[in-house]
Amino acid sequence: MPNGDIEMEVFLLNDNYCGLDFTEGQGEDFERALESTGFGRFHFSLLAVCGLIYLNTAVGITIISFVLPSATCDFQMSSSDKGWLTAAPMFGMVIGSYFWGCLADTKGRKTVLIGALIMDGICGLLSSISQVYWLFMFLRFLNGFAITGAMGICFPYLGEFQPGKYRETILCWMELFWTMGVIVLPGIAWIIIPMEFEYVTDNFKFASWNLFVAACAIPSLLIGMWLIFFPESPKFLLECGEADAALDVLRDMYSSNYNDDGANFPVRSLREKVRTMSVVSQQSTRSIRSLRIRKPKELKLLLREIWEQTKALCKPPHLRYTVITCAIQFGLTTSYYTLMIWFPELFYRFEEFENFYPNKKATVCEVSSVVVPRNFTAGHGEFCGDPIADSVFLHTLIIGLACIPTSFWLPLCVHRLGAKFFLVFSLLVAGSVTIGLYFVNSTNSNLALSCIFEALTSLGISTVYCVMVDLFPTNLRVMAAALSLTFGRGGALVGNLLFGFLIDLNCVIPIVLFAAMLFGSGLLCLLLPNTGSGALD
């Protein structure tokens, strides 16, 4: 049970409203009160804003792959410099995941989401005008730090507003927004980056790639400002002992969905009886959200609360699912982000090989053994090479479009097949596709496998977030998601470094390694329970 074990007495204006009985135990009380708010305009608006947050994270995570070629020339970056720049946002994600999770489980979902989005937008705009390499890299590190907070919180925030019968389906629709992000980013890049646009003074240069970075930063600020008009999670407010505030949120939801006066909401009050497990509730009658970091005593209490919640994740009954979800995220995220970042490089190598040896077929390992030494001896410029080819934008766009079928398949069939089925299926098939990379012998076959891989692994990542909403109680939900994200981002950081080293040395090893990770994650999913049918804890 979560900290702040809550029993609520629900008083009704009409005992027979909508055929609901509000006299059962604690969990049913809140769930049925939530059901009485209806399902309509409010929930669709919330799905839109959370979906745009998830779309924005897809853009923020992969933006650097389109910026790198142009920025390499302007910043005079060596291969080592490019490696550090690619790793900087991922390193920020590793550090930021648990930081934002702790804040969201103690200070509130909405407040922390807004803070993460505003920080991402401001750092993105500043990075677009940065004129020195180290400052640009530091700001992209801060972008990674911020965007991972938004990514880890938007699923729990959305899920805590949903009645049980709609929750899993609504959460699964988030996958469609990720797909839209994968499609939108290369489209924007294709429009802006090839533009012959440059503003240059003695100490300042603003080119088309800088404009692209700025354009991708603005949505974070707009979404953050839109989120101000949405309420805090009523489930979280109840966990903090703010029953009256939670009731106000439910009234507003009812009013929006039924276009009716909130005074007609059938639940008259939600009163907390017992709140014994929270550190704050044992020492104070105040809500944990009211603790101020500027005051040493309150900061100490807040840090103790975070520590107690962290310990709760690492001991029964939560330890089992903490370990399983962290392991799944490590294997899945490491494979996904590493291969998706390196797919454009594989496209490039195949195209180079086919230019050197027309009508000749070769595997990716054979291609690398020919292309890399040839480029080295050809005397290519160290810093300023050719601009991004149109084929790179087109291939990335095709990969995004290939995700559309699975993005609809998941929410439309999740109740029939179950989230667990989608997890196991997507990861095992993705593992098989990864093995298939060894056997591809052309750009087209590489593109086909890349499309299947992206569609299945992105589906798996979204489904993991959906399942975790049900696995953990309210006071640990975001923290658990953040901890698993930390493992996943850490794996992605290590995976990119390993792949870059091994792809030229012995490309069989990374292919086998990442396939094994996906197979292992798929088998671990079998240990998860079936979710989506009950009330949130």
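Using the three backbone atoms N, Cα and C, a Cβ is placed for every residue, glycine included.
Noted in TrEMBL for the protein shown:
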{"type": "TRANSMEM", "residues": "44-68", "note": "transmembrane segment"}
{"type": "DOMAIN", "residues": "46-533", "note": "domain 'Major facilitator superfamily (MFS) profile'"}
{"type": "TRANSMEM", "residues": "83-100", "note": "transmembrane segment"}
{"type": "TRANSMEM", "residues": "112-135", "note": "transmembrane segment"}
{"type": "TRANSMEM", "residues": "141-158", "note": "transmembrane segment"}
{"type": "TRANSMEM", "residues": "170-193", "note": "transmembrane segment"}
{"type": "TRANSMEM", "residues": "209-229", "note": "transmembrane segment"}
{"type": "TRANSMEM", "residues": "321-343", "note": "transmembrane segment"}
{"type": "TRANSMEM", "residues": "392-414", "note": "transmembrane segment"}
{"type": "TRANSMEM", "residues": "421-441", "note": "transmembrane segment"}
{"type": "TRANSMEM", "residues": "447-468", "note": "transmembrane segment"}
{"type": "TRANSMEM", "residues": "480-502", "note": "transmembrane segment"}
{"type": "TRANSMEM", "residues": "508-528", "note": "transmembrane segment"}
Proximity of the transmembrane segment (392-414) to the transmembrane segment (44-68), 3+ C-beta pairs under 8 angstroms: no
For the transmembrane segment (170-193): best-contacting stretch of 141-158, 209-229, 421-441, by Cβ pairs under 8 Å: 209-229
Positions whose Cβ lies under 8 angstroms from the transmembrane segment (508-528), at least six residues beyond its ends: 321, 324, 327-328, 330-332, 334-335, 338-339, 365, 420, 423-424, 426-428, 430-432, 434-435, 437-438, 457, 460, 467, 471, 495, 498-499, 502
